[in-house]
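Going by TrEMBL, these are the annotated features:
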- 38-212: domain 'Flo11' (DOMAIN)
- 232-268: domain 'CBM1' (DOMAIN)
- 303-339: domain 'CBM1' (DOMAIN)
- 1-19: signal peptide (SIGNAL)
Amino acid sequence: MNSKLIIAVASALFGTVNAVPTTYSNSSITPVDFVSGTYPDATPVDVHPRCPNLNFNWKNQGTVYPPAAGEVTSAESLGNGDYEIVFQFHAADCPPISNLDQLAIIGVDSPEKQTYLLHDSNQKINRIVDSCSWAAKFVVYGEKENNKVCVPGFQIHYSWFSGLASSEYASSFKYNEAYEYSMGCVHDNNNNAQTDFPQYCFDADILPSTPSNSSSIPATSAPASTSSAPQTCLPAWSQCGGQDWLGISECCGDFVCEKSNDYYSQCVPKQTTLSSSAPCTITLTRSSSSSTATASEVTLPASQAELYYQCGGKSWSGPTACVEGATCSSMNPWYYQCVQTAY
């Protein structure tokens, strides 16, 4: 693992005041194991950052949320394009864990789950000891990047002082009460990263497929680019706006940037269903050969919010119940979201 990279990132982020220890990778931290499957053919692979030269200090600038560093410290190939990774996280200026409402890894492109809860005060889930320093093991789909396989981008969601968490340190906390760190190589033309940590790739080349009618003349490939092209959209469930937000606001694919409150906007799927919480009432009329029955009212249950949709918060008038398998969890006083129920 490239320890020089972590030292450089930590130094750039924290300076000398609230610096994260330069020996970031901590082998003494036991990862929270979220792997649910059995993979007998797992094979260790080396990992390395895909875009180490980007400016990862640009997005946050130490004002929106606590400075932090994140790293994929190890990985195993599980076959069929799946990989088990260990991700370590360390931040400065975190309040005691009693003040933590929710900590989750979200937006994971995985054959197992998209969300992994490390802490949730409402559901009484606590899988970590230190809110600022932890590690997690989970499975991801490998993402093809040229002739490499990389970890798809995901986000680290923090929410403080709401739900059943203590608010003892709320008055002294100088950052937003809810925020997200992200991993990836999205950047502008000046190499300013739109994420907080670099994307990591595996030393497992993907061999290009050979057409059945290929000739014996060797193909000529263009030289590899030394820097990736700027990316102008954010992956699903990423933060895309809010007070003091410095990143881009364009979401990729069929996702749109939706405002949750003045402090937080998120890339969510385009709405295709009604979000009103009011129950739907219809009138049924039954007729017979001799008479017509009195009209009767049938009230359908109120709509439920889909997974990862808003389900509550100050001034929220939409649905507060989530679909089966999801729980409405507080992200901050203004935004509650349907997350996967932890079992």
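Backbone N, Cα and C define each Cβ position, glycine as well.
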What else in the chain is close to the domain 'CBM1' (232-268), if you only count residues 6 or more beyond its ends and a Cβ gap under 8 Å?
58-61, 63-64, 106-107, 152-153, 155, 176-180, 182, 184, 186, 188, 194, 308-310, 313-314, 331-332, 334-335
Tell me, roughly as an integer, the mean pLDDT over the domain 'CBM1' (232-268).
77
Count up the helix, strand and coil residues in the domain 'CBM1' (232-268) according to DSSP, in that order.
0 helix, 17 strand, 20 coil
